[in-house]
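According to Swiss-Prot:
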type    : residues : note
BINDING : H94      : heme b binding site
DOMAIN  : 2-148    : domain 'Globin'
MOD_RES : S4       : phosphoserine
MOD_RES : T68      : phosphothreonine
Amino acid sequence: MGLSDGEWELVLKTWGKVEADIPGHGEFVLVRLFTGHPETLEKFDKFKHLKTEGEMKASEDLKKQGVTVLTALGGILKKKGHHEAEIQPLAQSHATKHKIPIKYLEFISDAIIHVLQSKHPAEFGADAQAAMKKALELFRNDIAAKYKELGFQG
């Protein structure tokens, strides 16, 4: 299910827009995730108390987490599918420490797509959306395979 060179080019061109404002994109992605899927908040001790979008946007911890998430994802995307070294520790921590279900990775992938559509409609057309969805699915599938190796039924 790999991506073509052209698809990776679209993914990385779009990701360049994210990198121009990682804090802003990260906050938007997490707020979208938590408002769309409030159950995901339970996996974050620092955010469990945040109930409204305003509270979420005011949280410095949430902003920092958004930067952490998108910085890690950017590093993985730049590997163009050759991300074994990056995926292993991420899967390990998400399976054994954080216990993050794969479904939640689907939710955040959807939030990322939504944010990119909202913030960059001209640059994030159908081809770029399809390529990004494919790249995020590859990431999730590889995390899921590692989860299975670790015996985590996430």
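Glycine residues also receive a Cβ, built from the backbone N, Cα and C atoms like all the rest.
The domain 'Globin' (2-148) scores a mean pLDDT of 96 in the predicted structure. With helix defined as DSSP H, G or I and strand as E or B, the domain 'Globin' (2-148) counts 115 helix, 0 strand, 32 coil. Just so you know, of the recorded positions T68, H94, the Cβ with the fewest other Cβ atoms around it within 10 Å is the one at T68. With a 10 A radius on its CB, S4 (phosphoserine) counts 10 other CB atoms from all the protein chains.
Here the C-alpha separation of S4 (phosphoserine) and H94 (heme b binding site) works out to 28 Å. A straight line from the CA of T68 (phosphothreonine) to the CA of the residue listed as 'heme b binding site' spans 14 Å.
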